[in-house]
Amino acid sequence: MAWLEGQSVFLTGGVAGLGRALVKRLVEEGANVTVLDRNARGLDELVESFKGRVAGSPGDVRNLADNRKAVELAVERFGKLDTFNRQRRHLGLLCPPCRPAGRCHQRSFDEVIGINLMGYVMGIKAAAPALVRSRGSVILTLSSSAFYAGGGGVLYTVAKHAAVGLIKQAAHELAPYVRVNGVAPGGIASDLRGPKSLGMGEQSITSVPLADLVKDIAPIGRLSDTEEYTGSYVYLASARNSAPATGVIINCDGGMGVRSVLGPASGGKGLLEKFGG
């Protein structure tokens, strides 16, 4: 039996990248999905691709009314809401350091914090009543910048660290009716863009040789595919399999937290030759 059979999921940012992969996985696991995304054309294509299983609601994740409209659509179309998944992430890797002499200003603060933090808050606020009724769950997408420095600019790293606190506080405030958890993926080769306020709206993370960089620094020795991250979301969305989990963040960083600071990134090189296989 599929893990999410008959469930209704509200997901933001599902048109491309990890969000698109997650929509596919959720449908495969038996869920119906309502997607909020600013890309109206991409949203129409997504809905057409999953006939009858996906509903689209164009809008801005920072706007409470847009989030409420998507929640209403999910309940109207699929009868209930079981999980809110805040998926869209603003690009941090290309953001310049926010030093006193750098390009950090109020507009970039509002943009990066707004998308990466207020979007979480607005989504939770809109979805909470329906989730309380269904005894559902919230799953927020973080990144390795929620735990480590150096993976993004100051604003992005601050936003992701703040989201850790948001998960813990929301888990407390919504208990015992709603579980609140997070998934922190490592590097992803998707078309995430930089802040428009810094003139980086057309810069994509695809311009960075991410696969080569991660290969050398991550203990697992490679860049993970978007599909490989989706299982963590399915696990947390399944009350049958993760009922005791709330205030939890699954850190899928490819082992960055255990890499050596003096030796090679991974300590198991040579084991294949030693043990065979």
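In case you wondered, yes, glycine gets a Cβ from its N, Cα and C as well.
Features as listed in Swiss-Prot:
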type     : residues             : note
ACT_SITE : Tyr156               : active site, proton acceptor
BINDING  : 10-37, Asp60, Lys160 : NAD(+) binding site
BINDING  : Ser143               : substrate binding site
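Here Gly30 (NAD(+) binding site) comes close to Met1, Ala2, Trp3, Leu4, Glu5, Gly6, Gln7: these same-chain residues lie at least six apart in sequence, with C-beta atoms under 8 angstroms from its C-beta. Between the listed binding-site residues, namely Leu18, Leu22, Leu26, the fewest other CB atoms within 10 angstroms of a CB are found at Leu18.
Its Cβ taken as reference, Tyr156 (active site, proton acceptor) is surrounded by 27 other Cβ atoms within 10 Å in the chains shown.
Neighbour counts of Cβ atoms within 10 Å were compared across the binding-site residues Phe10, Gly14, Thr34, Asp60; the minimum falls on Asp60. When Cβ atoms from all protein chains are considered, those within 10 Å of Ser143 (substrate binding site) total 28, not counting its own.
Put simply, Ser143 (substrate binding site) is 16 Å from Leu22 (NAD(+) binding site) when counted between their Cα atoms.
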